[in-house]
Amino acid sequence: MFTGIVEHLGTVVEIQQLDNSSSGGGGWSMKVGDAKNILVDCRLGDSISVNGTCLTVTELETSWFKVGLAPETLRRTNLGDLKVGNKVNLERAIAASVRFGGHFVQGHVDTTATIISMTPEGNSLWVRLSPNDPFYLRYIIPKGYICLDGTSLTICEVNDNESWFSIMLVAYTQAHVIMPTQKVGDKVNVEVDMLGKYVERIVEPMLFGDVQKAGGGYVEKLVKNYLEKKSNA
């Protein structure tokens, strides 16, 4: 679990599409350097968010770590587009002793979005994006949470008809994440707020008659009572 508060910017120092070493496991691997600040308490098997993607550390030294990228990860995220020298947002899994400054982030990327405009306003930066899978626009609401490349951000605008949403980066955020270095046409990783997905999973079957799929019980009664009150109003 993460918070979407980026701790550090790392640098991609190695990419192997077929890594047959013991830490590569015969698959796609990536090594991230300039990461000393977040590796002081890191161990093999720990989770680190790289551009918002929860990845397992398979090898590490003082200033770098290696992760493996599964085919599903490469399909869902922008990590397969990275090149040696690219900067990446890094965050360690949350510890119980720290303040929860962002929102609940799983590191399970839903889709990518393409940057369609970047517009300065004062010392802030407007960024407008279009989800590459429009299905996920249903979970994006004005003033709600969204995680973009591992950064917890507030949604400013949503346009369902034209399939885009916008966020605004304050000056501090611009200095500590990779988004200001990106350009129109680049893809960013998107994780929508998981609460909306859970609510939909529970409520939708009830509304369409599949109570068993929804789990039945107390939640079913709540929804049923609510719908009855609405119909009688």
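Each Cβ is built from the backbone N, Cα and C atoms, and glycine gets one as well.
In TrEMBL this protein carries:
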type: REPEAT; residues: 1-103; note: repeat 'Lumazine-binding'
type: DOMAIN; residues: 1-103; note: domain 'Lumazine-binding'
type: REPEAT; residues: 104-203; note: repeat 'Lumazine-binding'
type: DOMAIN; residues: 104-203; note: domain 'Lumazine-binding'
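When the repeat 'Lumazine-binding' (104-203) is classified with DSSP, helix, strand and coil residues number 25 helix, 45 strand, 30 coil. Note on the repeat 'Lumazine-binding' (1-103): DSSP counts are 12 helix, 43 strand, 48 coil. Across the repeat 'Lumazine-binding' (1-103), the model assigns an average pLDDT of 94.
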